[in-house]
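Novice: Look at TrEMBL and you will find 1-41 tagged as region 'Disordered'. TrEMBL lists 61-78, 98-121, 133-156, 162-183, 190-210, 230-252, 282-305, 325-342, 349-368, 374-399, 406-429, 435-459 with the feature transmembrane segment. What TrEMBL records for 63-464 is domain 'Major facilitator superfamily (MFS) profile'.
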Amino acid sequence: MPRLYDDDEARRPILQPDTDSEEPTSGSRIIRQSDDDELSQGRTGCGTSACCNPTSALHRFMALILMCLVGFGSYFCYDNPGALQDKFKSDLDLSTTQFVWLYSIYSWPNVILCFIGGFLIDRVFGIRLGTIIYMFILLIGQLIFATGGLINQFWLMILGRFLFGIGAESLAVAQNNYAVLWFKGKELNMVFGLQLSFARVGSTVNFLVMVPVYNYVRGLGYEGHQCMGVVLLIATLTCVMSMLCALVLGWMDKRAARILKRNDNPPNGEVAKLSDISTFKVTFWMVTVICVAYYVAIFPFIALGKVFFMRKFGFTPEDANTVNSIVYIVAGVASPIFGLIVDRTGRNVLWVFLSIVVTMVAHGLLAFTFYNPYIAMITMGLAYSMLASSLWPLVALIVPEYQLGTAYGICQSVQNLGLAVISMFSGLIVDEGGYFMLEIFFIGWLVISLIATIVIWLYNSNNNGVLNMSPSERDSHANKLVGEYESF
C-alpha cells in the first residue's frame, strides 16, 4: 500500500520534468507532472485540430494571447490621467494635489486588499471565477470614474479609481496564476516576460492615442468636463474587451480541465489558509524584498525623471519625455526575449543577480557621469526586462500551487506599499537634496535587493538548489523525486 502524504509532500512546490509521456507516473500527485500534458483518450471532431486541442502549441498560444489581453484594459486605463494631465486639471478644475489623489487612491488600498484578493482566488473563488469577478470590479470602477468626469463630481471619480485599483491589482494576481497553470515548466519565464511586454504596450498605447481621442471628441462639440467624461467612456471600451477575453479564457480553461481530466484540487485535500504564510520559506520572503527594493528604483525614478533630464542634461520637455520612456519601450520588446532565454538556460537566481548589478550600473551612469542618458536608460530597460522574466517565475518554484494566489497577492501588496511610501520620500529627497541624492537613494535600494538575492542564492545552495538549476538539471531532480516515491 502506498504511504500516505505527509505535510512536506503536500506543500512541495511545482517542479515539472520535461516529458512526452502520455501516462501519468505514480508520483504525479506530488510533482503535478503529467495530468496536464497529454490527452488520455482519443480525440474526435474539433479536438483533432490544433486550435481545439488543449495540448497543442497553437491552443496554448491562443490562451496566452487572451491572458495578456485580460490585463490590457487595466494598464491602458490606469494611466489615462497621466496622458491627459493638463486636460484633467483645466477641464475639471483640479489642483495638483487633487490630481495626484487619482493615483494614490489606487495604490494605498492594495497594500492589504491585493493580498486578500490572492487568498480569495486560492480559497473561495478559484482562478476562473476570481478573474471574472476582479475584471468586473475593474470595469465598474472605470465606468464610475468616467461618469464622475462626465458630471464633474470629483468624489465620484475618486470612488471609481478606488474600485478600479482593487480590481486591477487582484486581476494581476489572477493573471500570474493562469500563467503558472497553463505554462508551468520550461515556458513560464517567457510567458511572464510576454505579459510584462503587453502591460507596457497598454501603457504606451494609452499615451499615444488619448490626446488624439480627446481632440476628436472636442471637435464633435463637447467641452470641459463633458469632453473629459466622453473620452474616459471611450477608454472604458478597452476594459470591456478585456472582460470578454476573461470570459473566453475561463471557458477555455474549464474545457481544458474537463478534456485533460486535470485535477485542480491540491494533494491530500490541502486548502489555502492564512496560517500558511508562516510556512513560506526564506527564499519567498527574499523575493518579496526584491519586489520592493528593485522596483522602487525603477517606477519612482521614471515618475520624476522628466525634470531630472531637463536639469542635468539640458533636454527640452519633449526630449526629456522621450528618454524617460525608453525603459518601457525597451521592456516591451526585450521582456519576452529574455523570458525565452531564461526558459532555455534556467539559472533564475543568476539572472536576477545580473539584472540588479546592471541596473546599479545604469543608475551610476546617470548619477556620476554626463554620458548620453540614452545609454543608461536602454541599459536600465534591458535589466528591468531581465529581472521581470526571471524573478516572478521563482515564486512558482518556491510555493505550492494551491498557495500561489496568496503568494502572488503578498508580493503585489508589499510592492504597492513600497511604491506608495518610497514615491513620497523620493519627492522629499528631490526638494531637500536634489536629484543626485535621489540617485544615491535608489542605488541604496538596489544594494538591498542585491543582498536579498545573495541570501536566496546561499539558502538555495544549502538545500536542493533547484532555483538556480538549468532545465535539464531540474528534470533530473524531478525524476529522482519520482523514483524515490515509487520505491516505497
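Cβ atoms here come from the backbone N, Cα and C positions, even for glycine.
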Novice: So, do the transmembrane segment (133-156) and the transmembrane segment (61-78) meet, by the test of 3 or more Cβ pairs under 8 Å (sequence gap 6 or more)?
Specialist: yes
Novice: Which of 61-78, 230-252, 325-342, 349-368, 435-459 shares the most C-beta pairs under 8 angstroms with the transmembrane segment (190-210)?
Specialist: 325-342
Novice: With Cβ-Cβ distances below 8 Å as the criterion, list the same-chain residues six or more beyond the ends of the transmembrane segment (435-459) that contact it, or say none.
Specialist: 281-283, 286-287, 289-290, 293-294, 296-297, 300-301, 304, 307-308, 311-312, 349, 352-353, 356-357, 359-360, 363-364, 366-367, 394, 422, 425-426, 429, 467-468
Novice: What average pLDDT is reported by the model for the domain 'Major facilitator superfamily (MFS) profile' (63-464)?
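Specialist: Looking only at the domain 'Major facilitator superfamily (MFS) profile' (63-464), pLDDT averages out to 84.
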